[in-house]
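K.L.:
Take a look at what TrEMBL says about it:
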{"type": "DOMAIN", "residues": "A:2-180", "note": "domain 'Guanylate kinase-like'"}
{"type": "BINDING", "residues": "A:Ala9, A:Pro10, A:Ser11, A:Gly12, A:Thr13, A:Gly14, A:Lys15, A:Thr16", "note": "ATP binding site"}
There are 2 protein chains.
Amino acid sequence: MSFLIVISAPSGTGKTSVVSSLLQVDPNINLSVSHTTRPPRQNEVDGHDYFFVDRARFQEMLKQREFLESAEVYGNFYGTSRSWIEEKMAAGKDVLLEIDCQGALQVRELYPQALSIFILPPSLEILKQRLEQRGMDENKVIERRLSAAREEVSHVHKYDYLIVNQDLQETVQQIACIVRAERLKTIRQLAGQRELIAQFA
Amino acid sequence: MSFLIVISAPSGTGKTSVVSSLLQVDPNINLSVSHTTRPPRQNEVDGHDYFFVDRARFQEMLKQREFLESAEVYGNFYGTSRSWIEEKMAAGKDVLLEIDCQGALQVRELYPQALSIFILPPSLEILKQRLEQRGMDENKVIERRLSAAREEVSHVHKYDYLIVNQDLQETVQQIACIVRAERLKTIRQLAGQRELIAQFA
């Protein structure tokens, strides 16, 4: 009985490294590939990093209720395809969505059984340092990301699990444990153990 | 924020080995020591294996509502002292109760947040073999234990987690994971991370 895993974290928390290590550790997890109208960055591959679509196509998919959740971020659209996810889950895979709080809440309305995890940086100061060290962004962009981080963190109590990313490997182990525990829930085990339980009837 | 862990398993499932390994793996877990009117077996130490009390004392404690749960099993009384558990939890320990289904249901009424885990043997046949191999019990006793196993398993859907004890080490790792995940629940983390979250307010 597959399930959805929703992970949110402010930009600069190290979410991308955590997720890529997690996928190595637990091969039954498939990372959801979002659709976006944002142009591909260097090295980004269509169908792997994102499905890159134009605005007209995105609007069409939106109209056909093809997205489980969608959002506009800094002028670009992002959306998670419902049919892609349901295909993976039907094949027995657990699907990981790396989305912001706004998307997470949308997903939970449709899939109340989804597992949600929020990752915090060890401190606001460290988050600032990480964003500055990237060297990719102007001060104005960093300010915008910090402001978004504040907004995200204000919703932390709506998530099932809360992890502080002090150490990458520790964080990955913690999430792997959460997913493993989820699979052991009676509600998920009953179908698979039906024959064993019947021996005691 | 400490919590109770309730583990139930039919006699012969290997629960005692699982629990003693778990306590090695996770030193924050304290095993609850029950009170009993059963006479001590060889090597059993008062205050470690059980608190051995006579019937009069047990009845007195029962009357004073000192027990979180209590049961009569094969003519002997067993009970879990509420004050003992609350002391341990106040000291930040998670407390493990190794009790049957009847007790587990009583505990859950008083502590709805308790974590409950049911351990199944790999098959009814293997359970029979294990009970026979012990060589401790007559056939009649084995039959009684098998009948109790059937009764226990009929309540499996009331537990949060279900584990099949195929392999001791695997089972211990699974329970350790469940406990670790429980500690990462937002509801348990919020108090400890209050200062960190306040940095983003």
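Cβ atoms are placed via backbone N, Cα and C, with glycine included.
Are these features on the surface or tucked inside, and what are their neighbours?
P.N.:
In this model, the domain 'Guanylate kinase-like' (A:2-180) carries an average pLDDT of 93.
Annotation for A:Ala9 (ATP binding site): spatial neighbours A:Lys15, A:Val18, A:Phe118, A:Ile119, A:Leu120, A:Pro121, A:Glu152, A:Asn165, criterion Cβ-Cβ under 8 Å with sequence separation of six or more. DSSP assigns A:Ala9 (ATP binding site) to coil, not to a helix or a strand.
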K.L.:
Ranked by the number of other Cβ atoms within 10 Å of their own Cβ, which of the binding-site residues A:Pro10, A:Gly12, A:Gly14 ranks first?
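P.N.:
Result for the most crowded candidate: A:Pro10.
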K.L.:
Given the binding-site residues A:Ser11, A:Thr13, A:Thr16, which one has the fewest other C-beta atoms within 10 angstroms of its C-beta?
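P.N.:
Per-residue Cβ counts within 10 Å for the binding-site residues A:Ser11, A:Thr13, A:Thr16 bottom out at A:Thr16.
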K.L.:
Counting every protein chain present, what is the number of Cβ atoms, excluding its own, within 10 Å of the Cβ of A:Lys15 (ATP binding site)?
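P.N.:
Taking every protein chain into account, the count is 18.
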K.L.:
Relative to the mean position of the Cβ atoms of A:Ala9, A:Pro10, A:Ser11, A:Gly12, A:Thr13, A:Gly14, A:Lys15, A:Thr16, the recorded ATP site, which additional same-chain residues have Cβ within 8 Å?
P.N.:
A:Ile119, A:Pro121, A:Arg130, A:Asn165
